[in-house]
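Here the structure is laid out as structure tokens; the discussion comes afterwards.
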Amino acid sequence: MKWFLLMLIICNAVPLQGLTKIVSARPQVVNIGSVFTFNSLIGKVIKVAMDAAVEDVNASPSILNTTTLRIIMHDTKYNGFMSIMEPLQFMESETVAIIGPQRSTTARVVAHVATELKIPILSFSATDPTMSPLQFPFFIRTSQNDLFQMAAIADIVQFYGWREVVAIYGDDDYGRNGVAALGDRLSEKRCRISYKAALPPAPTRENITDLLIKVALSESRIIVVHASFIWGLELFNVARNLGMMSTGYVWIATNWLSTIIDTDSPLPLDTINNIQGVITLRLHTPNSIMKQNFVQRWHNLTHVGLSTYALYAYDTVWLLAQAIDDFFKKGGNVSFSKNPIISELGGGNLHLDALKVFDGGKIFLESILQVDRIGLTGRMKFTSDRNLVNPAFDVLNVIGTGYTTIGYWFNHSGLSVMPADEMENTSFSGQKLHSVVWPGHSIKIPRGWVFSNNGRHLRIGVPNRYRFEEVVSVKSNGMITGFCVDVFIAAINLLPYAVPFELVAFGNGHDNPSNSELVRLITTGVYDAGVGDITIITERTKMADFTQPYVESGLVVVAPVRKLGSSAMAFLRPFTPQMWLIAAASFLIVGAVIWCLEHKHNDEFRGPPRRQVITTFWFSFSTLFFSHRETTTSNLGRIVLIIWLFVVLIINSSYTASLTSILTVHQLSSPIKGIETLQTNHDPIGYPQGSFVRDYLIHELNIHVSRLVPLRSPEEYDKALRDGPGKGGVAAVVDERAYIELFLSNRCEFGIVGQEFTKNGWGFAFPRNSPLAVDVSAAILQLSENGDMQRIRDKWLLRKACSLQGAEIEVDRLELKSFWGLFVVCGVACVLALAVYTVLMIRQFGQQCPEEAEGSIRRRSSPSARIHSFLSFVKEKEEDAKARSSRERQLEDISANGSSRCN
């Protein structure tokens, strides 16, 4: 009997396996669990906010009807284990949802259990960007993902032109995943994290000090702090003691700092001094009447400051209330059952079999995700990836006892000085921020980078060349001098910080080393930079960063030249023979055309044949000087003459200019006219050993490698050019203009032929993304502006008078191809004028001599007779033809009248 009574008690106390407890569709009370640390920075505001939200929900007649919403709050007391166990206790009771946990680390664990039990977990403080809905379908983040906060920081870094940052974070999932997201966003902006400085989750002051000392020794001065509320302020205190809150530093804190300022304001004076000039972010909540009313109400609820977490906590409760209401409207029931898998395992001492599955969990989850309402924080609506719509942040600058808003960040438009509601009424004009007061009370934008003060000297690779010691020279005692070295030293001396370096020769001094290989060694860390005659070409820019060019030097061709002496026939030199022939023929042709057009009615073009020939020749060649005395009377003749005089003007001007140059400028001649000549012939071509010129000639100009001859020094240039192709030398040498000018300074028998056919420059090479390249570029520009660059150039590269003579090459003779367009226009005009004139003559011939034309046709049917009659008409003077025609008509009239009388 006792055992029977005991079994009854157990049966009443514990529901049988598989038994389901069903509550009515509209229960009197719906329970929601909430776990957080009451005394934490976030906890002391969200408790007040959720109590206010529950009160407002239960007082509202438009939601839940007769059902009362109840939130059961459990204090985790800063204990990670309790943060996990408390939600599990809620899952043993009839709780439809849980708000929390507070930290991302514990939220990840609880979300696994919630997925099995189909109980939604809502958190506005667990912002770990790696918690995806695919892995945790029942985890819902009701604030903004940290992914957007890191995107905002990346935009700030790019806005100020910085390239590298240091990231300080807690060594847990929240810190590591947040910094990983920051690295991804920075890489999209072509920036990067140069140093990831991790601290233990609960660091000591000694831990912080050791880490900040390492940060101070790094090059980047842009420091992003993704910290915890617990040790974030302590970090700034240590940084100030180490002098790291001074001018030149940039500190960017995630929204943990703005939360502290909003919640605990006013902060102690010492704390405020520690964070002066820091930039921090805060979740943006648009202004509204609802928000203003809540802010006024908040001061009556608590003395604690209002942070954005309180606003999101309030909206989260309302979001759940609306979702519960929609859940009931869909016919949902609050019912729980045991998980068969857990039941099979057995509860044991852990009582796991007490965990219950929310039967309507999936439907309730859909109701939550479909909520679309306007709350204190703005629009509460989820996207397809379960992030809230319209992510935005305020960008704050800590100044004085508080902060000032220097701008906003929006996911769709980036940085702006206007909030979203004002941007809708204005045109977007790029990313902007207001001015910032930086650490050290500086308003100048920090450079963001300093030379690393780690005591190591930079290894600067300098090519040890066998040629042109004026450019770079390595002495026997190891001293390195030259134009390039002096420019580099002068630029380094202009930097606002010390850069210790040592020059290291690259090459054996006998064979010219490859500058491309020197640049490659910079990428591998053998050298920290490259200084010398390093030409900036595409291949090298893919491996390293280059400074502003300090020498403009393209490729040119140098070849043997001979001086052209004076000649009695120098006046024929401006035109090629073909040009002279065509010009002379054009004079004769135009004269003949003018004679044809003017002969019939212009007495100046009539007379004996001998006179007409002389007149035609005289008229043709007198147009060369615009001194022709014969006038043209026909319109066609005038048109042809105007066009011809324009052609003569162009030819005459070109001839005069070319002849002037020939007679006044020292002339040199060479069979090589430029790079085009070298491409068409098969002569050997010299190039500097170890230079990029070889690859350029082969790959860009398609010159066969067998034609290329490497030359090491100016002496080898000289010998190869003097020997020529016939004696084992070269027809020409292709090299950069800077070298050729040095080569020609004392060799007048050679000269530059043709035009410079590439545009390149020399620059200093640095590793990719090296801020030193930017600073040295600015220093090079400063050298150019203050005249120091020219003084260094004059010291090493000053050319002698002979180099100017060597650069003077024969003026190209004017060819027909330069004027063929003019001759074509003139020729077309002549042909058209003759065609029109012929048509007019045929028409006049038919009108003035119809009887003669018909009679001649009847009498003489041969074509030659008809042509002879027409030519006679054309040759006849126009007045004589008209008079003859008039007499013939009179005779015809008289004859006609006599015949009528006889009749």
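The backbone N, Cα and C atoms fix where each Cβ goes, glycine too.
Candidates ASN300, ASN897 were compared with Swiss-Prot; the annotation N-linked glycosylation site appears at ASN300. Per Swiss-Prot, THR632 and TYR687 occupy opposite sides of the membrane [differing topological domain names]. Checking the candidates ASN411, ASN652 against Swiss-Prot, the annotation N-linked glycosylation site falls on ASN411.
When the C-alpha distances from ASN333 (N-linked glycosylation site) to the glycosylation sites ASN65, ASN207, ASN300, ASN411 are tabulated, the minimum falls on ASN65.
Annotation for ASN65 (N-linked glycosylation site): spatial neighbours ARG26, ASP325, criterion Cβ-Cβ under 8 Å with sequence separation of six or more. Relative to the transmembrane segment (639-659), the listed stretch 822-842 leads the set 577-597, 607-627, 822-842 in CB pairs under 8 A. DSSP classifies ASN300 (N-linked glycosylation site) as helix under the three-state reduction. Counting Cβ atoms from all protein chains shown, ASN411 (N-linked glycosylation site) has 16 others lying within 10 Å of its own Cβ. According to DSSP, ASN333 (N-linked glycosylation site) sits in a coil region rather than a helix or strand.
Counting every protein chain shown, the number of other Cβ atoms lying within 10 Å of the Cβ of ASN333 (N-linked glycosylation site) is 15. Cβ neighbour counts within 10 Å, taken over all protein chains shown, single out ASN207 as the most crowded of the glycosylation sites ASN207, ASN300. Spacing of ASN411 (N-linked glycosylation site) relative to ASN207 (N-linked glycosylation site) is 36 Å (Cα to Cα, whole number).
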